[in-house]
Amino acid sequence: MLENQLLKIAQDFGSPVYVYDAEKIEYQYKRLTNAFKNVKHLKINYAVKALSNISILKLFNTLGSGIDTVSIQEVQLGLAAGFTPEQIIFTPNGVSLNEIEEAAKLGVKINIDNLSILEQFGTKHPKTPVCIRINPHVMAGGNANISVGHIDSKFGISIHQIPHILRIVENTKMTINGIHMHTGSDILDIEVFLYASEILFETAKQFKNLDFIDFGSGFKVPYKLGDIETNIEELGEKLSAKFNAFCKEYGKDLTLAFEPGKFLVSESGRFLTKVNAIKQTTSTVFAQVDSGFNHLIRPMFYGSHHDIINISNPKGRERFYTVVGYICETDTFGNNRRINEINEGDVLCFKNAGAYCFSMASNYNSRFRPAEVLWYNNEAHLIRKRETFDDIINNQIEVNFASKKEKQLVK
Ligand SMILES: *Cc1c(COP(=O)(O)O)cnc(C)c1O
């Protein structure tokens with residue numbers, strides 16, 4: 001997308017606003033499927049939680065993608081977007097047996113990552129096949145909060161507990177149709193990922209009725225110029241070879257599944273904010289924008305980097321700015337960034353704003369959540385209205401406190 005197109009969107013739809021480029025999403029989807037073209041059955045299940053707007057889900061549906069969901073509401077959203085239950089996998093963590101049963105009733109694929117739940121579910125529904133989320137205990141991940149493969153992680157069933165799984169399967173006569181892992185975000189080293197895949201193949205051999213092996217996600221995308229990203233093409237080549245060899249040994253062409261979020265939508269998204277004020281202190285020049293961590297929490301939450309550019313003055317002289325929000329708490333988007341000269345009223349564009357940005361937005365400070373726009377076929381489509389005061393007040397219930405005077409009268 002061009003800067004003047006973005007600027008026009010900020011003018012037409014107001015700010016702050018999220019903008020997603022459909023073409024980029026399609027490009028990433030095709031890049032991934034192409035990297036694994038040597039695998040006979042490939043399934044990409046887009047991780048809904050990254051960006052869950054129904055129009056984005058519909059776009060993925062047109063591409064032939066399935067979806068990965070982590071809550072019953074995401075399952076319902078997927079169904080509403082037109083996915084068939086078979087195209088949906090439910091991979092929750094820490095939810096009640098009840099919620100899993102509800103999803104199973106809707107006919108979606110079930111992924112279980114807890115021995116206690118597995119036993120209860122298998123006992124009650126032995127005829128419903130389930131996939132098992134394994135924790136291979138491989139440390140892969142850029143940030144401690146998003147590395148889910150390590151030994152003390154709450155995710156998955158430990159590979160050391162495989163005998164327990166086998167005992168439950170034998171006792172309940174349930175069917176295990178898939179083996180899954182999701183080791184966490186930001187895989188920088190393909191060898192680490194391949195090593196985890198070996199563990200998964202070893203595990204898979206112990207289950208005789210598999211239809212698929214799901215390698216989760218964790219593909220890293222570049223956040224700035226020269227940033228490392230997962231080399232999908234190399235991973236595709238190496239993992240496909242291993243997978244095909246495994247299928248031969250297993251005696252069945254299984255489906256190779258992935259469930260990326262960030263890889264598919266991060267770079268498609270841009271977040272546009274307007275500069276309310278420039279504040280010069282003795283040490284810093286602050287650009288104060290009409291947003292905050294209520295709309296984009298990643299920098300404050302996990303120290304993520306988002307490139308910030310001034311699309312109102314792209315040719316201006318570069319100066320250093322600390323870009324901050326309007327929340328009454330520290331909410332820094334970027335420290336001492338070199339940005340083309342900013343004037344009050346300019347529109348700043350945050351990059352990599354497709355994944356875990358709008359989907360993590362809140363109403364903190366009683367602010368409206370932003371509008372969302374999809375750029376599709378060279379046209380801007382509003383896909384979510386900006387909230388209004390009604391959205392803030394709607395579910396609140398007022399107690400009618402008697403005034404002091406009335407209380408005295410009652411006495
Ligand atoms: C969040 C999540 C994903 C997506 O991870 P990305 O890093 O966005 O690709 C995939 N699978 C599961 C189970 C998840 O919880």
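Counting begins at 1 with the first residue displayed.
Placed from the backbone N, Cα and C atoms, the Cβ positions cover glycine too.
Classification of C328 (active site, proton donor) by DSSP places it in coil, neither helical nor stranded. The annotation active site, proton donor is assigned in TrEMBL to C328.
What TrEMBL records for G218, Y356 is pyridoxal 5'-phosphate binding site. A coil conformation is recorded for G218 (pyridoxal 5'-phosphate binding site) in the three-state DSSP classification, outside any helix or strand. Counting every protein chain shown, 30 other Cβ atoms lie within 10 Å of the Cβ of G218 (pyridoxal 5'-phosphate binding site).
Per TrEMBL, the feature substrate binding site maps to R298, Y302, E329, Y356. Counted within 10 Å of its Cβ, the other Cβ atoms near Y302 (substrate binding site) come to 14, all protein chains included.
Across the residues of the domain 'Orn/DAP/Arg decarboxylase 2 N-terminal' (24-266), the predicted structure has a mean pLDDT of 93. Residues or ranges marked as domain 'Orn/DAP/Arg decarboxylase 2 N-terminal' by TrEMBL: 24-266.
According to DSSP, K49 (N6-(pyridoxal phosphate)lysine) is assigned to a helical segment. Under a cutoff of 8 A between CB atoms, and with a sequence separation of 6+ in the same chain, the neighbours of K49 (N6-(pyridoxal phosphate)lysine) are T69, V70, E74, G261, Y356, S359. Annotation source TrEMBL lists N6-(pyridoxal phosphate)lysine at K49.
Calculated from their C-alpha atoms, the gap between Y302 (substrate binding site) and C328 (active site, proton donor) amounts to 19 Å. Less than 6 Å separates the Cβ from ligand 1 in the case of none of the recorded positions R298, Y302, C328, E329, Y356.
Listed in sequence order, the residues of the same chain lying 6 or more apart from E329 (substrate binding site) and placing their CB within less than 8 Å of its CB are F293. Highest local Cβ density among the recorded positions R298, C328, Y356 belongs to Y356, counted as other Cβ atoms within 10 Å over all protein chains shown.
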